[in-house]
Amino acid sequence: MRIATFNINGVKARLPALLDWLARAEADVVCLQEIKSQDHTFPREPFEDAGWNLETHGQKGFNGVAILSRRPIEDVTRGLPGDDADEQARYIEATISGDAGGAIRVCGLYLPNGNPTPGPKYDYKLAWMERLRARAAELIAGEETALLAGDFNVIPQPEDAARPEAWTEDALALPETRAAWRRIVNQGWTDAIRAFHPGPEVYTFWDYQAGAWQKNDGIRIDHLLLSPQAADRLAGAGVDVAARGGEKPSDHTPAWVDLDL
DNA sequence: ATGGTAGAAGGTCTA
């Protein structure tokens, strides 16, 4: 079973590029971030016509996450637990079965950017990461076959940026951000991309500005974290860099894992 | 310090 994550930066603007990528990617499940649509304005038909089941958690203007799946999407929950007043659409969970009889709890997330720092947006990011840590701990304690997939807006280490010195004061790389990331990973999650690609220059985001893509001035901020039970099934992982070079691309490119489930 | 680009909107806000 191949599961991918893709921050598409607007589903309506990305419709041709996304459908083209879906037709080529051989993914069974895709977690989407930044759909920038409400649930009732999401263009469902082209995806359903292409054979995808679809669950969305959207809002007006920005944010918004969704799960596409070839197989049925079950037990869907929307929103990250821990703050009933949080109205930002950044989290969706569902259970999906594989062909081999297994199943996985897929958690699609769009972690807050947090800039500028310091300030309320960075406070919100750190609070959101603490809520994610708590939910992740439940999944670990329950010995679930689980995957946290999405745009984490975290550059885990200096080697995850082409120019690490440019990010030292940024919400994506501040020591508090990295500490919060480690508190989650160190529960027992496997960073699947790093497990298969330990070297430098593995990036998932290149800014639209200043020729970042042409200069390969990228950062690795889209991640797939596997619980121990999921990591036992891990057969491969990668980043589909080519998608960033296509027509009218997102500023992110997809990352994926192959699991024997 | 500024501006560079992009998307959802049809205001600016977000990134």
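Positions of Cβ are set from backbone N, Cα and C atoms, glycine also.
No curator has checked TrEMBL annotations; they are predicted automatically.
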TrEMBL Mg(2+) site partner of A:Glu34, A:Asp151, A:Asn153, A:Asp251, A:His252, selected from A:Asn7, A:Asn186:
A:Asn7
Counting every protein chain present, what is the number of Cβ atoms, excluding its own, within 10 Å of the Cβ of A:Glu34 (Mg(2+) binding site)?
23
So what pLDDT does the domain 'Endonuclease/exonuclease/phosphatase' (A:4-252) average out to?
97
Cβ atoms near A:Asp251 (Mg(2+) binding site) (within 10 Å, other residues, all chains):
18
Measuring Cα to Cα, tell me the gap between A:Tyr110 (active site) and A:Asp151 (Mg(2+) binding site) in whole angstrom.
5
I'd like the Cβ neighbour count for A:Asn153 (Mg(2+) binding site), meaning other Cβ atoms within 10 Å of its Cβ, all protein chains included.
27
Starting from the Cβ centroid of A:Asn7, A:Glu34, A:Asp151, A:Asn153, A:Asp251, A:His252, which together make up the recorded Mg(2+) site, report each further residue of the same chain whose Cβ lies within 8 Å of that point, ordered by sequence.
A:Asn9, A:Gln33, A:Tyr110, A:Phe205, A:Ile221, A:Asp222, A:Ser250
